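Only one structure is covered here, and it is reproduced in the block below.
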Amino acid sequence: MFLEPRVGTNREAPRRGWIEVVCGSMFSGKTEELIRRLNRATIARQRVEIFKPALDTRYHAHDVVSHNANSIRSTPVALAQEILLMTSGCDVVGIDEAQFFDESLIEVCVQLANRGTRVIVAGLDMDYAGKPFGPVPALMAVAEYVTKVHAVCVCCGELASYSFRIAASEDKILLGETDSYEARCRPCFIEGMKEKSPPARVAARHETL
Ligand code: ADP
Ligand code: MG
């Protein structure tokens, strides 16, 4: 369980900012954990703002919504830089679905933290191919605190770190839910990827025939 380094409202103390990253696969509880931390900051009477990428309207136009239907009011933004303009005087800034922003999100988070803001960023660390996703890996590098959460593998029940795409699309971004993705552990992810693509050797031999 993540313990907040600061939950009080001591306005005398110098403002100290930092970056927290919550990452993992789809269905791993990133949004739940983000909402939990932001709710606690609100209880501590801190000024909290939440943002999500404007392109992600899967569950709600404005709210950040978890798969177990927890939600919190948020502001959708098209560009990460907009966050800087809307957060003066904020104690805590939450950002969900960080993988959908471009690399400029890293500098935005660093600037917020340097200003004295606690920044909590949630996002997918890997895409459907198991490759590092957007600005999340670099955010993990510059963050003070990184929490990797895990889903349950739908094939075997072990801890899952991968978002396996069931849908046929090969676009890097495919907004979807349980109809398009499954949480899988490493062996079940590898197995699924093998089933999707026939072995290269067989394909090569086929070409020479
Ligand atoms: P994320 O933001 O990481 O996609 P959420 O916080 O929105 O995840 O949702 C987590 C919730 O998803 C869990 O509490 C659980 O109710 C639900 N869930 C659905 N499928 C799974 C799964 N395979 N493993 C774990 N939780 C799952
Ligand atoms: Mg989420």
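Backbone N, Cα and C define each Cβ position, glycine as well.
Unlike curated entries, TrEMBL annotations are predicted automatically.
The following features are taken from TrEMBL:
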BINDING   GLY24, SER25, MET26, PHE27, SER28, GLY29, LYS30, THR31, ASP96, GLU97, ALA98, GLN99  ATP binding site
ACT_SITE  GLU97  active site, proton acceptor
BINDING   CYS153, CYS156, CYS185, CYS188  Zn(2+) binding site
BINDING   ILE173, LEU174, LEU175, GLY176, TYR181  substrate binding site
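Feature annotations (TrEMBL) mapped to structure.
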| residue | record | DSSP (3 states) |
| --- | --- | --- |
| GLY24 | ATP binding site | strand |
| LYS30 | ATP binding site | helix |
| ASP96 | ATP binding site | coil |
| CYS153 | Zn(2+) binding site | coil |
| ILE173 | substrate binding site | coil |
| CYS185 | Zn(2+) binding site | coil |
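Using CA atoms as reference points, the binding-site residues CYS153, CYS156, LEU174, LEU175 were checked against GLY24 (ATP binding site), and the closest is CYS153. Relative to ILE173 (substrate binding site), the binding-site residues MET26, ASP96, CYS188 all have Cα atoms farther than 10 Å away. Checking the binding-site residues MET26, LYS30, CYS188 against ligand 2, the ones whose Cβ sits under 6 Å from it are LYS30. For the pair MET26 (ATP binding site) and the residue listed as 'active site, proton acceptor', the Cα-Cα distance reads 10 Å. Not one of the recorded positions listed as GLU97, CYS153, ILE173, LEU174, LEU175, CYS188 brings a Cβ under 6 Å of any atom of ligand 1.
Taking the mean position of the Cβ atoms of CYS153, CYS156, CYS185, CYS188 as the Zn(2+) site, the remaining same-chain residues with a Cβ inside 8 Å of that point are VAL154, CYS155, GLY157, GLU158, ALA160, ARG184, ARG186, PRO187, PHE189.
When Cβ neighbours within 10 Å are tallied across all protein chains shown, the highest count among the binding-site residues ILE173, LEU175, CYS188 belongs to CYS188. Closest in space to LEU175 (substrate binding site), of the recorded positions given as GLU97, CYS153, CYS188, is GLU97, taking the CA atom of each residue.
Comparing SER28 (ATP binding site) with CYS153 (Zn(2+) binding site), their Cα atoms are 10 Å apart once rounded. Taken over all pairs of the listed ATP-binding residues (GLY24, SER25, MET26, PHE27, SER28, GLY29, LYS30, THR31, ASP96, GLU97, ALA98, GLN99), the Cα spread reaches a maximum of 15 Å, rounded to the nearest whole number.
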